[in-house]
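Asks: What follows is a structure written as structure tokens; I'll ask about it next.
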Amino acid sequence: MPFAAAVFADLARIRQNAPLVVNITNNVVTNATANALLALGASPAMTHHPADAAELAALAGALVCNMGTPGGENIEAMLAAGGAANAGGVPVVFDPVAAGVTSRRREVAGRMLETVRLAAVRGNASEILALAGEAALSKGADSQHASREAAPAAVALARSLGCTVCVSGEVDVVTDGERVVELAGGHAMMTRVTGLGCTATAFVGAFLAVNPDYFAATCHAMAVMAAAGRLAAAGVAGPGSLAVRFLDVVYSLTEAEIAAGARVSA
């Protein structure tokens, strides 16, 4: 099946089935992430309480854990929900926001990797390098490395964790430790809208909920981000307009638009 057709088939399943995607995310992006998942066709649930998160995770199609604001309850919720998801066979996606920047974030990322069996990890190059134990430069949550620089670390991390790893950037790199795919598309203006990386992680969760091939599902989610970002940026005055238009584009995205807006290479 052509790549765009495979992406759209998964997107159609999301739109038809509205999988429950449980998010334990940061307090900067909660509303934006929920709206993006709704535009995609998924059903978002946003939670921070450990007991609540664990119960929801057991019912979910996927669990998304984002450590952007690593407060105590958030982290305990991620660990509790991760355990419940693992017990129920629910895929878990981890977004290690600014993983190597502070000792607190290094500690939280380490606990997640040690405690929860992950289906996928999505981060920028600095975050993936930090998770892999390599030196990385970052400015807060922003990477100071190109995504391709982190490709070898992503492969090693995918092998050690037994999961799919996505390094997002101007070119997205997705690997399961054996296969490596690059996805180009999107628009530079996307870096001026806070939370679109978190949206990408949430989209990975939605695609994992409908496709048991987690490598393919991650590629498909990033293709939707690339195609929608490119279309949303066309003709807008700036990032404020892009943020609004992105939801509209995702809501009505077609197979032809995916084919035109996301370029894949192995």
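Just so you know, glycine gets a Cβ as well, placed from its N, Cα and C.
Copying in the features that Swiss-Prot gives for the protein in this structure:
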- Met46, Gly195: substrate binding site (BINDING)
- Arg122, Ser168: ATP binding site (BINDING)
Asks: Using Cβ atoms only, which residues of the same chain lie under 8 Å from Arg122 (ATP binding site) while being at least 6 residues apart in sequence?
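Replies: Arg122 (ATP binding site) has long-range Cβ partners Val93, Phe94, Asp95, Val165, Cys166, Ser168, Gly197, Ala200, Thr201, Val204, Thr218.
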Asks: In three-state terms from DSSP, label Ser168 (ATP binding site) for me.
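Replies: DSSP call for Ser168 (ATP binding site): strand.
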Asks: In the structure shown, with every protein chain counted, which of the binding-site residues Met46, Ser168, Gly195 has the densest set of Cβ atoms within 10 angstroms of its Cβ?
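Replies: By the 10 Å Cβ neighbour count, Ser168 comes out on top.
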